[in-house]
Each structure stands twice: as C-alpha cells, then as structure tokens.
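For reference, Swiss-Prot has these:
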REGION    1-49  region 'Disordered'
COMPBIAS  1-14  compositional bias 'Acidic residues'
TOPO_DOM  1-238  topological domain 'Cytoplasmic'
COMPBIAS  15-26  compositional bias 'Basic and acidic residues'
COMPBIAS  27-43  compositional bias 'Low complexity'
REGION    155-164  region 'CSKH/LBD2'
REGION    172-192  region 'Disordered'
REGION    183-192  region 'SH3B/LBD1'
COMPBIAS  183-192  compositional bias 'Pro residues'
REGION    225-234  region 'SH3 binding'
TRANSMEM  239-259  transmembrane segment
TOPO_DOM  260-265  topological domain 'Extracellular'
Amino acid sequence: MANEGEEIELTEFPETEKERKDEEKLSSCSEETTDTSSSSSSDHVPAPIEVNVIIQNSSRTEDELQNSTKFAVANEGKEIELTGFQGKLSSCSEETTATSSSYSSKQASVCIEENGDNETSTYRPQNVLTNLNSLYTTFEDARAQGKGMVRYKSEDLQSFLEKYPPDYRKPKRDLSATWDPGMPTPALPPRPANLGERQASTVRLHVKESNCKQPRERKANERNIVKDLKRLENKVNAIICLVVVILAVLLLVTVLSILHIGMKS
C-alpha cells in the first residue's frame, strides 16, 4: 500500500519535473556504465574500439535505462537493482568487446589471405591500365610483329616516313655483293605458251596488250610493204608503156623511110 501511495504521488508531479529527473538519472547511469565498461575492456581492446562499443551499448539500452530509472524512482530505497543492472551492462560490454576483437582479427586474417591470393593469382584487376598500355606499340614494332594496335604520334610518323620512303615496298638490292662466285646462276622460268583467241579473251587487258604487240607491228610492216610494192608496180608499168611507145615510134619511122626510098627509086 505504501508503494501504491508513492506511485500516486509521483503521477501527480508535472511532466517537466519528471523529464528533468529522468535525464539526470540517465546521465548518471550512462557515466557509471562507461566507467565499468572501460575498466573491463581496457585489457583486450584499444581506446578507439571502446568508444564505439560504449556508444552502441548506450544506444541499444536507452529504453531499458528509462525503465530502470522509473522503477528506481518508484522505489527510492531500493538501489540494489540498479547495481545489478549495471553489472549486466558491464558483462554485455565485455561480450561485445570480445566479439569485436575476434571479428577484427578475423577481418585482418581475411585481408592477409586476399593479399596473398592477389600476389599468386594471374588475373590482377589493378593492372588493367598497364596491360592496355602494352597493346600500343610504335610503327616499327607493329611492322616487325605484324599485329597490335598503333598509337598515333607525330614523332613516330616522321621517323616512319624518314626510315621507310614511299617506294620501300620495292627495294633495290645488289645481289652481287652477297653472291658466291662458285654458285651457278639461277635458271630463268619457262616461257609461257602462246595463247589463242579464246584463251586470250579471258586474260586481262595488260596481258593481252603485251601478247598482241608483236602481231600488230607485223601487220603494220606488211601494210607498208604492200604500199611499196604497189608504187614499184606503177613505176614499172609506166616504164614499160614508155618503152612500147618508143618502139612503136621507131617502127613507124623505119616503115615510112623505107616507103619514101621505094617511091624515089
């Protein structure tokens, strides 16, 4: 009955005084829990981890602290329960520090294992840029390898043009310097057979022109010869005609002279 009377009297207080008292007791309880947790976890975990753990425990147990303070206000004479609750909080803080230390050690071991795997592994994502840069080669390397990508640089282009002129695909080599005098001269390839009209129709234009060059020249020569022969024939005919005319004139002259002599006699 006395407890019920005390609870009724407490409910009659204004809300502002209740909140003020609750805040004071919450601050005192949080200070005590921080002291106990720091003393218990100083042997296992360094200082920065203690602060994090204490903040987590205080954030998790705010509702429990409020309930305990209400119970303590209702029973002002009974402070043993608060000490028991603080003991529970200290044990919980020790467990959390132990778990956090074990988790940190596991994480460190995992990091070490990952580093070891990266050292022994063939695939390294951090070296992607270097691998890509190795694909780009100069003009000379790309020409020697026959593959790979070529990065454009004005210096490389200038050196390429200086080293390889436009007619570098048709090099002029003097084989006499490296030719052994005891070696026989290489034989010429066999002469290709003459192509007929049907076969020549399937050959390219430049091949046809090279093959038909001599017949054209021969035909032109034949035409010139025919023209010359015609001219000679005309000249011979003219000379023969003149000779015949001269002979006819001589015959007439002789005949007329004979007749004239016969008439006089």
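Cβ atoms are placed via backbone N, Cα and C, with glycine included.
Taken residue by residue, the region 'SH3 binding' (225-234) breaks down under DSSP into 10 helix, 0 strand, 0 coil. DSSP labels the residues of the topological domain 'Extracellular' (260-265) in these numbers: 5 helix, 0 strand, 1 coil. Long-range contacts of the topological domain 'Extracellular' (260-265) within the same chain: none, as no residue at least 6 residues beyond the stretch ends has a Cβ under 8 Å from a Cβ of the stretch.
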